[in-house]
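Taken from TrEMBL, the feature domain 'Transglycosylase SLT' covers 1-43.
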Amino acid sequence: STRAALDYLNRLYGMFGDWQLALAAYNWGEGSVQRAQQRNEKQGLGLKYTDLSMPAETRNYVPKLQAIKNIIEHPDVTASSSPRIDE
C-alpha cells in the first residue's frame, strides 16, 4: 500500500539521513546501499549518493522521482497541470 511505502521511505531516510540515499535504498535495497558505502569507506571515498557505484537503474531512478516531484510542486514552471482526482 501507499502508506506502507511512505513508512518504509521514512525509515530509510532515518537510516541514511539523506533523501537521495533513501530513494536509492528503496529501489536497490538498503543492504546494497550500505555495502556500497562500506566499500567506499574502505577506499577513503565519499559516502553520498553521488559518490556510490550503483546500477544504472538505481542511478536513474532517483532523478526521475525528483523530476516528478518538481513537476507536481511547480506546475507553473513546467507548464503542466495535474488531472483532477475526485475523492
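Every residue, even glycine, has its Cβ placed from backbone N, Cα and C.
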Model confidence over the domain 'Transglycosylase SLT' (1-43), averaged pLDDT: 97
Counts of helix, strand and coil residues, the domain 'Transglycosylase SLT' (1-43), according to DSSP: 38 helix, 0 strand, 5 coil
